[in-house]
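Features reported for this protein in Swiss-Prot:
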type	residues	note
BINDING	GLY81, 84-85, THR89, 91-94, 109-117, THR121	5-phospho-alpha-D-ribose 1-diphosphate binding site
BINDING	GLY81, ASN112	anthranilate 1 binding site
BINDING	SER93, GLU226	Mg(2+) 1 binding site
BINDING	ARG167	anthranilate 2 binding site
BINDING	ASP225, GLU226	Mg(2+) 2 binding site
Amino acid sequence: MSDLKPFVAKVAAREALSRDDARAAFEIIMSGAATPSQIGGFLMALRVRGETVDEIVGAVGAMRARMLHVKAPDGSIDIVGTGGDGAGTYNISTLAALIVAGAGVPVAKHGNRALSSKSGTADALSCLGVNLEIGPEAISRCIGEAGLGFMFAQQHHSAMRHVGPTRVELGTRTIFNLLGPLANPAGVRQQLVGVYAPQWVDPLAEVLRDLGSESVWVVHGEGLDEITTTGVTKVAALKDGTITNFELTPADFGLERVTLDALKGGDGAHNAAALQAVLDGAENAYRDISLANAAASLMIAGRAKDLMEGMDLARKSLSSGAAKVALQRLITVSNAA
């Protein structure tokens with residue numbers, strides 16, 4: 001079938017799609033056979049009715065089948081959020097990724113430019129001088145030599161060109177916010193995944209379990225698709241097929257609570273300058289929340305036995321300059337491609 005309309009009608013009637021039907025629908029979208037109106041109608045019908053685990057797994061299958069793959073070392077991790085939380089914070093996962101890389105865990109980071117916010121990972125890294133327009137071999141070199149490689153979503157998911165304009169015009173969250181973190185081109189099995197709403201914490205952990213992930217935390221922190229320092233973070237931790245639920249507070253990281261205003265960022269240039277300032281030694285709320293997310297990532301990757309050890313390793317990555325060196329090497333290696 002190459003017609004999306006029957007699937008639009010089914011979802012609009014509040015019927016759930018099977019994994020096979022969901023995969024077929026998203027293959028139609030990614031092949032370019034659907035019109036922008038059909039895509040927009042389908043995405044919004046899914047959102048209003050609510051996406052199911054089977055629909056997400058099927059959609060991810062369609063994305064993964066078409067993506068451009070990257071080789072990464074065993075034990076690599078991704079630190080990624082769905083976006084779409086509307087909070088306008090700094091690029092927290094980006095700084096956390098540099099801290100983790102500086103602590104010696106390879107990071108295969110997947111991200112994009114801002115679609116429904118002011119600054120995505122790609123916007124900040126581009127402003128810092130990282131070359132985003134590089135191929136899989138060069139990204140693998142970045143991971144090997146800098147400890148961090150950035151996989152620009154539009155480079156690795158070229159089929160998304162059929163969806164991008166519609167997503168921008170809609171200007172709101174869709175299932176594609178959920179799919180991005182699930183379709184890492186390096187096939188990482190360890191991730192810290194932030195989701196834009198608390199109701200997605202458990203379902204995405206289930207999806208990742210079904211997709212074969214090994215060690216993952218899916219988190220939501222009081223409106224943020226990150227571990228937050230503003231209050232309570234909900235966590236679904238997947239380890240070897242078992243999902244455990246718990247909550248975290250800033251005190252679990254040895255941190256004080258802050259207001260959301262303390263975490264507000266700006267555009268790519270603004271956030272890049274703030275990130276560089278932390279690498280240069282600034283101590284502020286942006287640093288602290290990034291340390292918390294890095295600490296959790298180090299625990300997920302098995303480098304730290306608990307969050308406090310993760311915080312110690314993360315702080316050393318900053319204080320020793322290792323995180324800053326990771327960025328400098330990423331800039332150098334990416335521009336030598």
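The backbone N, Cα and C atoms fix where each Cβ goes, glycine too.
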The residue listed as 'anthranilate 2 binding site' and ASP225 (Mg(2+) 2 binding site), distance between Cα atoms, whole Å: 19
Sparsest Cβ surroundings (other CB atoms within 10 Å) among the binding-site residues ASP225, GLU226: ASP225
HIS110 (5-phospho-alpha-D-ribose 1-diphosphate binding site), number of other Cβ atoms within 10 Å: 26
GLY81 (5-phospho-alpha-D-ribose 1-diphosphate binding site), number of other Cβ atoms within 10 Å: 27
DSSP three-state assignment (helix, strand or coil) for SER93 (5-phospho-alpha-D-ribose 1-diphosphate binding site): helix
Surrounding CB atoms that lie within 10 Å of the CB of THR89 (5-phospho-alpha-D-ribose 1-diphosphate binding site), all protein chains: 26
Among SER93, ASN112, which are binding-site residues, the residue with the most C-beta atoms within 10 angstroms of its C-beta: SER93
Rounded to the nearest Å - Cα separation of HIS110 (5-phospho-alpha-D-ribose 1-diphosphate binding site) and GLU226 (Mg(2+) 1 binding site): 15
Nearest of the binding-site residues (SER93, ASN112, GLU226) to ARG167 (anthranilate 2 binding site), judged by Cα-Cα distance: ASN112
GLU226 (Mg(2+) 1 binding site) in three-state DSSP notation: coil
